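Taking it in order: structure first as structure tokens, then the write-up.
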Amino acid sequence: SSVVLQSSNSLKASYEDWLLTYGLSVSPFHMRWQTALFNRQFYNWGRWKPRFLYLWFSIGMVFGIVAMFGSVILLGKTLMQTLTQMLTETPKAQNDRMLQVVVSGLSPGLYLSVLILTRFLMESVPGVNLPVSQLTYFFSAILISGVIHEVGHGVAAIREQVRFNGFGIFIFIVYPGAFVDLFTTHLQLISPVQQLRIFCAGVWHNFVLGVASFIVLFLLPAILFPFYYTGVGALVTEVAEDSPANGPRGLFVGDLVTNLQDCPVYSVEDWNSCLGDISEKSQVGYCVSAATLQQLSFPARVYRRLDGTVECCSNNSLTDICFSYSNNLDSHLYACLPARKVIEASKVCRTNMDCQKDSVPSFCVTPSLENQTRLIRVKHPPHIDMLYVGHPMHLQYTVSLSSFVPRQNFLSIDLPVIIETFCKYVISLSGALAVINAVPCFALDGQWILNSFLEATLSSLIVEKQNRELVGFLILLAGSALLAANVALGLWMVTAR
């Protein structure tokens, strides 16, 4: 609408005046709002405990310089890993090392920042897509990380006696962000070390925000202890409509999962690790007495599937499963048995030896399923056990759980999950913003950090300012190329699979 309004001569002047009055600036793909409303608050922060702030931003300066070198090493390693993955015939599974790259504008004009999302962002859904349900967390975390970043620059600038003109928020395409407007002449007049304190303050504040979020995440069980208890199981918070766990004998919101097979579940981490173990290891068996086996089994034709596994149930029943077992005479016997009757109250086993402790003669019968398929017994008392047949990861992706169980019925089962998820997004995005913004690259904080660092350290070695600027330009060129290569190859890896 802004483009249409500006094209009309009669409306253009009044429209621009209206935008100016409210501090708004609108252009294609980019909208920003600047205000002086918060100037007094910024000046209060910048003049609060000068000695503490001097120490705070000096630590930030050291961190920023270390981050600048560290980011180059990190991007170099990431680039080498990506190239290795591209050149090898059998690249590692995507979920083993997932590094998705998202480009977003987090500053006015053409200021670009590359946010590297770590693996947990991908754990909620197979593949590489960010779930729609997570977008609120994603954009909120970006905005908060951007605001804290710019607050760092603003407060550090006031601490160093640089005039502060205003603070603003913008939207670049769909990505939100923040910025501060500083008086450039003042910035150029102060010493390179003072400049470093200002330029490093953004990445320093992002790092601190990431650490603070990590501490909240780590201490969450203690923080929520008066309202929620943990260590008793994994509480079901959502079951997807297409989930195999959906149904009258499946899982329901509010159910507490305590076991997967013989693997005890005390938290969501246990649920994930148990499912991981189940998918990696071979299918477990169940101890069934010889008498029960004879009573329940009925004759059926045995045939091999395409993957070499054996099927012996040809009656299309949803309750019967083909089991394999061995006795003293034959090691390849098969029986089509009603799964629930066989498994209920049976202990798990790997061989017949595991069943010898019983007084009655028993065999270890193992479900004969396709290679990646597993039969999993899910305990969620007081309900009847759920029997799941399928790929373990399908169960993991379609059932949402929480480690926090409410002490009172009126407490939300979703609140701890919301806090947990939000903290994870802030850790990831704020941490990524700290690392990537420190890269010595054009238009990122790293450009100004590098220039001030070279002025502070090379003045005696390289006397000519023009030569120092040339060194800085060449380093920035290399850093920009390294970042661009990472972005290009990262996006190619994500889209090509």
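Placed from the backbone N, Cα and C atoms, the Cβ positions cover glycine too.
If you look up TrEMBL, you'll see 137-477 marked as domain 'Peptidase M50'.
With a threshold of 8 Å between CB atoms, the same-chain residues lying at least 6 positions outside the transmembrane segment (53-76) that come near it are 46, 152, 155-156, 159, 193, 196-201, 203-205, 207, 434-436, 438-440, 445-446, 449-450, 453, 479, 482-483, 486. Under the heading transmembrane segment, TrEMBL lists 53-76 (among others).
Under the heading transmembrane segment, TrEMBL lists 97-122 (among others).
The feature transmembrane segment is assigned by TrEMBL to 134-152 (among others).
What TrEMBL records for 164-183 (among others) is transmembrane segment. Counting only same-chain residues 6+ beyond the ends of the transmembrane segment (164-183), those with a CB under 8 A from a CB of the stretch are 23, 29-36, 38-39, 42-43, 46, 104-108, 111, 139, 142-143, 146-147, 149-151, 153-154, 157-158, 198.
Within the same chain, residues 57, 59-61, 63-64, 67, 144-145, 148-149, 151-152, 403-404, 416, 419-420, 423-424, 426-427, 430-431, 433-435, 437-438, 445 sit at least 6 positions outside the transmembrane segment (203-225) and bring their C-beta atoms closer than 8 Å to a C-beta of that stretch. Summarising the annotation, TrEMBL assigns transmembrane segment to 203-225 (among others).
Residues annotated as transmembrane segment in TrEMBL: 425-450 (among others).
Summarising the annotation, TrEMBL assigns transmembrane segment to 470-494 (among others).
Under 8 Å from some Cβ of the transmembrane segment (134-152) lie the Cβ atoms of residues 42, 45, 60, 104, 106, 115, 121, 124, 167, 169, 174-180, 201-206, 209, 421-422, 425-426, 428-430, 433, 437, all in the same chain and six or more residues away from its ends.
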